[in-house]
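The annotation Mg(2+) 1 binding site is assigned in Swiss-Prot to Asp80, Asp84 on the grounds of similarity to another entry. Per Swiss-Prot, the feature Mg(2+) 2 binding site maps to Asp80, Asp84. According to Swiss-Prot, the Mg(2+) 3 binding site annotation covers Asn219, Ser223, Glu227, on the basis of similarity to another entry. Annotated motif 'DDXXD motif' per Swiss-Prot: 80-84, in sequence order.
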Amino acid sequence: MPQDVDFHIPFPSRRSPDFERARADHLSWPRALGLIGTDAAAERHSRGGYADLAARFYPSATGADLDLGVDLMSWFFLFDDLFDGPRGEDPQETRKLTDAVAAALDGPLPTSAPPIAHGFADVWRRTCQGMSPAWRARSARHWRNYFSGYVDEAVSRHLNTPYDSAGHYLAMRRQTIGVQPTVDLAERSCHCEVPQRVFDSAVLFAMLQIATDTNLILNDIASLEKEEARGELNNMVFILMREHGWTRGRSIAHMQDGVRTRLEQFLLLEACLPKVYDTFELTAQERESAEKYRMDGVRSVIRGSYDWHRSSGRYAADYAIAASYQGYLEELGSTL
């Protein structure tokens, strides 16, 4: 993230006490699944700091629970990189790959499925362990929304019609930023489930949307130089400049104000949760699960994203340019 762009996040920084162990071993899983096959790929992946991201997203997780979070973060960004080239401008190829990956939500994959799909299948299998059928169905819906968002992005690029409305762009990016599947894993990592009636409440819905919007704003600021280097036009900064005729500086300031306003609303919504719990007559155990989700899921995905974006090497312009030379990325997504 550009060092002169700051955001006030009113939550303390947290990171799993098991972070160092997880970081030391974080390349083992993608290597074992064939997702990283060269030293250059390993070095590039390490620069992203995905173990750090997982340790901040799931600050109470340790051992195998944290490892699952680390593997999910590794998978997320390997998958996302597959769409930085021609595939990301071809809706048919994008749908072909996202369908191949999403098939893991329905059952075992054929051996011919691309490596990135087998990687997702492994993460999904472990994610579902110990979770109820209702939770698995809810999380699967979130994943399908995430995959469909990539097709929408590809259509925009293919038609060479970049978004000219921040509102329309937000609606699309709320899917592809991947916050909801990320927060779902917080329930799995703490071995708890938010009662569905609370999850469906207007208060929690609004809190999750704020968490999502904050993440995508932080991400667009952090990736600004990277996306500019590769000619990407669908970034909130560029969209605000086109939509309003603003300068880059004013667009960034508007995004900073947007985060501040949203987080003020978030704190007000948090204060409403005890009333929500009372309204739905939650048991002591259900209240504990909901509070774990708030602290170790929703709050941590906001603060953790901010801390990670400020330190990750993923968003340097040279990282983006180097991606075009990583031939292994095409192999990961090959559906031939």
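The backbone N, Cα and C atoms fix where each Cβ goes, glycine too.
Around the Cβ of Ser223 (Mg(2+) 3 binding site), 20 further Cβ atoms fall within 10 Å across all displayed protein chains.
Secondary structure by DSSP for the motif 'DDXXD motif' (80-84): 2 helix, 0 strand, 3 coil.
A simple way to gauge crowding: the CB of Asp80 (Mg(2+) 1 binding site) has 14 other CB atoms within 10 angstroms, across all the protein chains here. It is 15 Å from the Cα atom of Asn219 (Mg(2+) 3 binding site) to that of Asp84 (Mg(2+) 1 binding site). When secondary structure is read from DSSP and collapsed to three states, Ser223 (Mg(2+) 3 binding site) falls in the coil class. Around the Cβ of Asp84 (Mg(2+) 1 binding site), the number of neighbouring Cβ atoms within 10 Å comes to 18. Looking at Asp84 (Mg(2+) 1 binding site) and Glu227 (Mg(2+) 3 binding site), their Cα atoms lie 9 Å from each other.
Cα of Ser223 (Mg(2+) 3 binding site) to Cα of Asp80 (Mg(2+) 1 binding site): a span of 13 Å.
Summed and averaged per residue, pLDDT over the motif 'DDXXD motif' (80-84) gives 93.
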